[in-house]
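Take a look at the structure below.
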Amino acid sequence: VDGCCGWSRCCGMGDFRPRTVWLGHPEKREQRYPRNVINNQKYNFFTFLPGVLFNQFKYFFNLYFLLLACSQFVNELRLGALYTYWVPLGFVLIITIVREAVEEVRCFLRDKEVNSQIYSKLSTRGENKRLKLYMIFLRTSEKNGSCFLRTDQLDGETDWKLRLPVSCTQRLPTAADLLQIRSYVYAEEPNIDIHNFIGTFTREDGDPPVNESLSIENTLWASTVIASGTVVGVVVYTGKELRSVMNTSNPRHKIGLFDLEVNCLTKILFGALVVVSLVMVALQHFAGRWYLQIFRFLLLFSNIVPISLRVNLDMGKMVFSWMIRKDSKIPGTVVRASTIPEQLGRISYLLTDKTGTLTQNEMVFRRLHLGTVAYGMDSMDEVQSHVFSAYTQVNMLISNMNTTGSLSATKVRKTISSRVHEAVKAIALVHNVTPVYESNGVTDQAEAEQHYEDTCRVYQASSPDEVSLVQWTESVGLTLVGRDQSSMQLRTPSGQILNFTILQIFPFTYESKRMGIIVRDETTGEITFYMKGADVVMAGIVQYNDWLEEECGNMAREGLRVLVVAKKSLTEEQYQDFEARYVQAKLSVHDRSLKVATVIESLEMEMELLCLTGVEDQLQADVRPTLEILRNAGIKVWMLTGDKLETATCTAKNAHLVTRNQDIHVFRPVTTRGEAHLELNAFRRKHDCALVISGDSLEVCLKFYEYEFMELACQCPAVVCCRCAPTQKAQIVRLLQERTGKLTCAVGDGGNDVSMIQEADCGVGVEGKEGKQASLAADFSVSQFKHLGRLLMVHGRNSYKRSAALSQFVIHRSLCISTMQAVFSSVFYFASVPLYQGFLIIGYSTIYTMFPVFSLVLDKDVKSEVAMLYPELYKDLLKGRPLSFKTFLIWVLISIYQGSIIMYGALLLFESEFVHIVAISFTSLILTELLMVALTVQTWHWLMIVAELLSLACYIASLVFLHEFIDVYFIATLSFVWKVTAITLVSCLPLYILKYLRRRFSPPSYSKLTS
């Protein structure tokens, strides 16, 4: 039914409008609709080149080199061959364009894979297939005429949602009849709200015409999963009109903090360049055409701002990205944004989703507690034997009664066996779970349903913890085999079927925090009221006991979700009285809900406490040690989830996000400014306390007290935000960046995490069972949460430290040669004449020193195992010390010292000819650079040694071709050798001595671990 799927690209889709969609009549369409595609690309075919060039030249750095290269077309400013300026610039741009093109093509192919999933025109096949369209639900193949949806990708909630088809289309004999009737759907304009929908369904050819109102219960959302069966729907929203798309922001071009810092340093260098040029002209007393001289000096000293810096850093990023992809300890990790690997080394705040990221979204039954005795996972066989013996005893009792009529055997006090049996029976009855039978190839559906075939049965319920409880009762011998609106069937270990009539059911609500059911056992006629709920409400409902509160606390500290189960036996008269009052209350017009609640509460007194159940939402592998590593590394972890407050708190405890000795402050629901003010004051009085807050309260706090709230939250060791909308997650990330100025990393696995991932400085997508939407939009994609530890502690740390060393060394290399040029010009009466020309100047920063300098990307201070063992090493990086104004100044001083020593040495020791100055100074310069690389390296790699030797060999071999710059015969003399050796020793030896003394008396923290 493709009434609205105008697959043509929409034109002018600026405003969203309501629409009327005719079933089976696309020609009646009034407007065009967007294509149903996702797009994570930053550019398209036409904007790619302009976009990439703009992003390059908006850096002051690259713009400066473009102007420099263009100036060489002016004759008065030309200093040498054109290629000395244009070749390096072209090389930089080609590398950048190729890298961006590769990333865009990869992104296009990933989007294409998702966009090419095909749906049949009439129906959308269900059963665990994720929907890509927003539809109105018309009919289902399920017998009960409804279906369940899982919406975890949209709102982060783990429970299944019940959806109902339009009743007049569900009554049609076949799906094909949908095209024979004259009907249409009216739908409101697309909006961002994922919890509401307004529309109508109209059938015109009925007599009289049928009008049905449509609400959220009649919709099938995009990014959700259908539990079972086949559904048919009419599409009303596609493409960018989908709720899931409207809740995500556009991908932004991320620029790393490291790049901004380097950009800042280059501006300082440019300032130095201008100052040096002005000083040179001033010392000439601004003689002649001094303004042209200023430009010539600017070009002459242009090496002060190194063009090779950008190339080296970009190539370094590619190497770091390759290393991350090739790391066998974190298989399946993908780098989608190779421009920001250094960001991983400086994260201060980690914001993580819960469902599917920290947890597997699989509930497991962990504990049954009866007050005097508790059963864990290892003692479930005891429970099984108690259940088995209870049912065999019941059968024996009935046969005894038939023969002797004696009931003395039942007068003994309740044995442990009967208590366990009562508890298991209560758990098997008090729920909203429906068993559904599907054909498994051998048995067809009808036969499976008739014989209660175990292999064909699946449980459906709105909450996964209810399913886990029913699965557990099945494992201990009491199986739920059938259920409809009015009855339930359980099967005992011996295969006997127990029938129960459902008399009343009181569903779970967030206000009541409990659910109840009244059933009649068909074999004995007994009426029992069973109830389960949260300990806070159940404590006042059950009979007095001395263990409930303590045991609930113990189980909650282990991160288990605790439910208290109780029962009350009713006589026929009691029930009839209750039913009469209940019906009366339901008919009242005024204060209906209050009156109904009062009637139910009259039953909820002095109930018999049966047991506590503990269910755990299983964590992903190694979540606890990973969070421990992150905490020790000085990273604060915030959990942002769309799930319920209780669930989020349990997971935070279970994952040790909140440590055992930390208090948790649950922020009370607030709706007004005054309430928010009081609650913030209450929170301010707490110290070292984790914060749990809901999305609604957070919105109120941010509206009135944004600064105060963020200040308090940032001091917390951990923060949990529950019931968060996708846009709210992104807002929190943005506020953290603005308020603290620190780097943030967002981790998620679902479509509802995309906004947060794109907003953060570093977005990490976990490629889980739930589609790839988050991992496609992220900068880095990992297969498991535990890989995050190594990604940050090892790769992030190394990338940042290596980039810092590399950038400072490239600056040092350029400053050395610029210092020599300055000394040379000042000695020769401030002439704007280049010291080295043509190939010497290009060869210096490429063939002679490129490999050793670039080999610094392989350097590391500690082994990866040590970095994982001592995450405190990561904490040092958060202060930004590897690249700071202090380290920059030290390298500038080293450069000035070495450049001056080499140049003055050459001028002192040269004999008669100018060519000798060039030979001595250039050779000393190359050797000094190679020795300085050796001084900087902390851990030698065989490629570093190869790079050093290769560079030296290249220089010696090239001397044969450089006879126009260097006197080849002079190089062969002993005089040349001793002069070069002397100059190189004076320039490098003091630095080696200083390094030794520093390591001896003030060693850095990592050296204490490696020695």
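Cβ coordinates are placed from backbone N, Cα and C, and glycine is handled just like the others.
Annotations in TrEMBL come from automatic prediction, not curation.
Record features, source TrEMBL:
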- ASP353: active site, 4-aspartylphosphate intermediate (ACT_SITE)
- ASP353, THR355, ASP749, ASP753: Mg(2+) binding site (BINDING)
- ASP353, LYS354, THR355, GLU466, PHE508, LYS532, ARG561, THR641, GLY642, ASP643, ARG723, LYS729, ASN752, ASP753: ATP binding site (BINDING)
- 25-85: domain 'P-type ATPase N-terminal' (DOMAIN)
- 776-1003: domain 'P-type ATPase C-terminal' (DOMAIN)
- 45-67: transmembrane segment (TRANSMEM)
- 79-98: transmembrane segment (TRANSMEM)
- 260-284: transmembrane segment (TRANSMEM)
- 290-313: transmembrane segment (TRANSMEM)
- 810-830: transmembrane segment (TRANSMEM)
- 836-858: transmembrane segment (TRANSMEM)
- 888-908: transmembrane segment (TRANSMEM)
- 914-935: transmembrane segment (TRANSMEM)
- 942-962: transmembrane segment (TRANSMEM)
- 968-994: transmembrane segment (TRANSMEM)
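Of all the binding-site residues in the list PHE508, ARG561, GLY642, ARG723, the shortest Cα-Cα distance to ASP749 (Mg(2+) binding site) is found for GLY642.
Note: the domain 'P-type ATPase N-terminal' (25-85) comprises 31 helix, 0 strand, 30 coil (DSSP; helix = H, G, I, strand = E, B). Rounded to a whole number, the C-alpha distance linking ASP353 (active site, 4-aspartylphosphate intermediate) with ASP753 (Mg(2+) binding site) is 7 angstrom. Among the binding-site residues PHE508, ARG561, GLY642, ARG723, the ones whose Cα is located within 10 Å of the Cα of THR355 (Mg(2+) binding site) are GLY642.
Of all the recorded positions listed here (ASP353, ASP749, ASP753), the one with the fewest other CB atoms within 10 A of its own CB is ASP353. Recorded stretches compared: 79-98, 290-313, 888-908, 914-935, 942-962; the one with the most Cβ pairs under 8 Å to the transmembrane segment (968-994) is 914-935. If you take the Cα of ARG723 (ATP binding site) and the Cα of ASP753 (Mg(2+) binding site), they are about 13 angstrom apart, rounded to a whole number. Residue density at PHE508 (ATP binding site): 18 other Cβ atoms are found within 10 A of its Cβ, drawing on all protein chains shown. Remote same-chain partners of the transmembrane segment (79-98), defined as residues 6 or more beyond its termini with a Cβ less than 8 Å from a stretch Cβ, comprise 49, 52-53, 56, 62, 65-66, 68-69, 72-73, 296, 299-300, 307-308, 310-311, 314-315, 834, 837-838, 841-842, 845. In sequence order, ASP465, GLY614, VAL615, GLU616, ASP617, GLU646, THR647, CYS650 are the residues of the chain that are 6 or more apart from ARG561 (ATP binding site) and have a CB within less than 8 Å of its CB. When Cβ neighbours within 10 Å are tallied across all protein chains shown, the highest count among the binding-site residues THR355, ASN752 belongs to ASN752. Over the domain 'P-type ATPase C-terminal' (776-1003) the predicted model carries a mean pLDDT of 88.
Ranked by how many other Cβ atoms sit within 10 Å of their Cβ, the binding-site residues GLY642, ARG723 place ARG723 at the bottom. Residue pair GLY642 (ATP binding site) / ASP753 (Mg(2+) binding site) shows a Cα separation of 10 Å.
Each residue contributes its Cα atom, and for ASP753 (Mg(2+) binding site) and PHE508 (ATP binding site) these two points are 28 Å apart.
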